[in-house]
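> In case it's useful when we look at the structure, here is the feature table from TrEMBL:
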DOMAIN    19-311  domain 'Sugar phosphate transporter'
TRANSMEM  40-65  transmembrane segment
TRANSMEM  111-130  transmembrane segment
TRANSMEM  137-153  transmembrane segment
TRANSMEM  165-186  transmembrane segment
TRANSMEM  206-225  transmembrane segment
TRANSMEM  237-257  transmembrane segment
TRANSMEM  269-290  transmembrane segment
TRANSMEM  296-315  transmembrane segment
Amino acid sequence: MAAGAGSAALGRAALAAPLVLLYYGFSIGITFYNKWLMKSFPFPLLVTLLHLLLIFGLSALARGLARCRSGRPRAALSWADCLRRAAPAALSTSLDIGLSNWSFLYVTVSLYTMTKSSAILFILLFSLLFKLEEVRVTLLLVVLLIAGGLFMFTYKSTQFNTQGFVLVLCASFLGGIRWTLTQILLQKAELGLQNPIDIMFHLQPLMFLGLFPLFAVFEGLPLSISEKLFRFHEAGMLFSLVGKLFLGGILAFGLGFSEFLLVSRTSSLTLSIAGIFKEICILFLATRLLGDRLSLLNWLGFAVCLSGISLHVILKAVNSKGEKALKLHKEASSDPDLELLLRHTERGEEEEEDVETPQQH
């Protein structure tokens, strides 16, 4: 039995390894891609809108291929249902992504990564508000560790930018709303949006409409007089830009799809643990490739923040195991054949004890 459990664990690890590497490639790739693109094309909201259109097209293509392969129709919501049920999640998601990309104009990759880690604080806050989590002392400890680590990381940072930091913090706040609402959306079985491809397909148009007014106000006029898109001198420059934007859309779609593969084939715990090590990789690469400067206090703050995130992941794993054990116990109690077997076993044990008791006297 032990050998069988060990081989099963090795099998799961062998399956998870390539999926984690795929997730790392897309996630780390899009982080450095956004920083690189903002240096030559400083229109983050336009970039986000174009990526949303591309993701919508790719998700529609994926849905079409899945329908042809299975022969079953995919989930389809009317515009009225989308606006009523999915609009809040779509708006918070679009603003989260848009403000995150906007922040790359001002902050380093390391500061972005560290500040974005604070999203878990807001996720916990909104989980408490929506009663998806219960107030516990351990949750307060998680909040204190992450908040304290973030303060230590940003304290007297040599590459700190207030405007960029506020943008990332707002994006983290919206990320807390985003994932809470998305979780609620996924739990509504009647909508049939358990597959993230279907969610991406339905949310992208609403996300585009939600972000467009912000783009029109802040980037509409500067873009209209910019040589980088409308007033270009060479066709080659335009084609190069289109290629760069298309690459970003592929990375964004690949990130969402790799997250889905990782969670569906392994677990959300695997994704959480992979996310912790991903942030370590990003900070290491940022200091080596981009020259981000971090002091000893900054690294210590990063370690404190990661300890808080790790504690949260461990607590979720323990709670998940407890819930599964309780569920199995309830299922066993509801099975009349199993319940009869258990009673028969208990009666047999009692009879054995009655036989052994006189011998001991």
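For all residues, glycine too, the Cβ spot is worked out from N, Cα and C.
Could you tell me the structural context for the features on the list?
In this model, the domain 'Sugar phosphate transporter' (19-311) carries an average pLDDT of 82.
Sequence-distant neighbours of the transmembrane segment (40-65) (same chain, 6+ residues past either end, Cβ-Cβ under 8 Å): 34, 74, 94, 97-98, 101-102, 104-105, 197-198, 200-201, 204-205, 207-208, 211-212, 214-215, 218-219, 222-223, 226, 228-229, 241, 244-246, 248-250, 252-253, 256-257.
If you look at the transmembrane segment (165-186), the same-chain residues 6 or more away from its ends with a CB under 8 A from one of its CBs are 85-86, 88-89, 92-93, 95-97, 99-100, 102-103, 106-107, 111-112, 115-116, 118-127, 130, 132, 154, 193-194, 199.
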